[in-house]
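Copied over from Swiss-Prot, here are the features:
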SIGNAL    1-18  signal peptide
CARBOHYD  Asn53  N-linked glycosylation site
DOMAIN    148-175  domain 'PLD phosphodiesterase 1'
ACT_SITE  His153  active site
ACT_SITE  Lys155  active site
ACT_SITE  Asp160  active site
CARBOHYD  Asn225  N-linked glycosylation site
CARBOHYD  Asn320  N-linked glycosylation site
DOMAIN    357-383  domain 'PLD phosphodiesterase 2'
ACT_SITE  His362  active site
ACT_SITE  Lys364  active site
ACT_SITE  Asp369  active site
CARBOHYD  Asn378  N-linked glycosylation site
Amino acid sequence: MMMKLLFLIALFGCVVNSIRINNDNGLSFQSNCLGGSIQIAESIPLALNLQSNLSTHDAWMELITNAKKSIDMGIFYMTLTDGGQLDPVYGGQLGLDIYKALVDANSRGVSIRIVQNQPSSSMPDTDTQNLAKLGVQVRSINWPSLVGAGILHTKVIVVDQVSAYLGSANLDWRSLAQVKELGVLFQNCPSMVSDTEIAFQQYWDAAVVTELPSDWGVQYQAAYNQTNMASLLLNGNEKFEMFLAVSPPQFVSTDRTGDIDALVSAMNGATKTICISVMDYIPASLYNSPNTFWPVMDNALRAAAYNRGVQVRMLISHWNHTNYAIPQWLHSLDQVNNIDVRWFVVPDFPNEPQVPFTRVNHAKYMVTDEQSYVGTSNWSEDYYTNTGGLSYNIYNDEFTSQLQSIFDRDWNSPYSFPVTTY
């Protein structure tokens, strides 16, 4: 009860401190984000000839080195240090930088909490064990025992309840140096970040129970959702509207929008264009037994293209671990008028040996003519019905234009190939 009371005080303290300013359209924008910013952060694999404005490494360093009170991390796993065993040309130092920044933050009295998916032999917890020995609070969540299947797949970092990262990058040196990633860096925006903190708190609390609550209660109630978005002033005086969405349904608390609902709504709201960049796309489950057809996303895309004439472009990853069932569905979509599907292929690293499970576009985002969607989930049924994930759903013309430019850069790059290639 005391923990819940303190959490409510922290949450509603942020809301009370939020002054609102009316604009000419009658919308009310929260001034507690004045001086705040939102940026796109990318990881461009070494030896890939693409340019980005802000790297994931630099975004994380900015967050961690400037933390004053707290760092809360909801993650799949952490392997930041094992790249240090390789030749420096592979980029392992980037992970060591982040690990050292966490150690330094802990040393200067910053409270660090990490909740991770239950470790396994393939996903060891060496780094988090070592951090725990230094006093970092670490919890592991046995996801299948709570949900029935799936994993905690989220990648979110919340700092001082005012700044955050959310995106595709795992806490892994490979995600900084050898895998293509995309996420969002929020700075100095208490209202939206405190709402993101609620999702972290759900993971943190779920790690110490044997059964999920049927009703998450008022302390986990969302501040914003699809019908009541946060209205923010960011990047100077730019007006943003946005909300956080959550999967799976078992973690959708009161007033929270489900992730698949947010995704399909964005597709349904597009009037001109839908551009998708994601590692896996399949209108079915991938990890169930048996796997089953799940056309929720597919129907929305086909309806957008066929019924409304929306131009749909899909950039899907092809790599050593592409599931054999995926290409047939993409070939089918590519036959629909107004839908164009291409593969994105990251070439092997110039040096040998190759690092396993790298050299892939791991991003999970969509940009339409109306909005941006930046998430942590691959696009198959499993990720939305039994796997832990989050997304930021963002309405702002300039941000959407920037994300569109990134998509167009990749679409027109030498790493993009017709879907008929595979």
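Every residue gets a Cβ built from N, Cα and C, even glycine.
Remember, it's a predicted structure, so these values are computed and weren't measured experimentally.
Here the features listed in Swiss-Prot are placed on the structure.
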residue	record	DSSP class
Asn53	N-linked glycosylation site	coil
His153	active site	coil
Asp160	active site	coil
Asn225	N-linked glycosylation site	strand
Asn320	N-linked glycosylation site	coil
His362	active site	coil
Asp369	active site	coil
Asn378	N-linked glycosylation site	coil
**Item:** Integer Cα-Cα distance in angstrom, Asp369 (active site) to Asn53 (N-linked glycosylation site)
**Value:** 22
**Message:** Using a 10 Å cut-off on CB atoms, tell me which of the active-site residues Asp160, Asp369 is the least crowded.
**Reply:** Asp369
**Asn320 (N-linked glycosylation site) to His362 (active site) - Cα separation in whole Å** = 13
**Item:** Least Cβ-crowded entry, counting other Cβ within 10 Å, from the glycosylation sites listed as Asn225, Asn320, Asn378
**Value:** Asn320
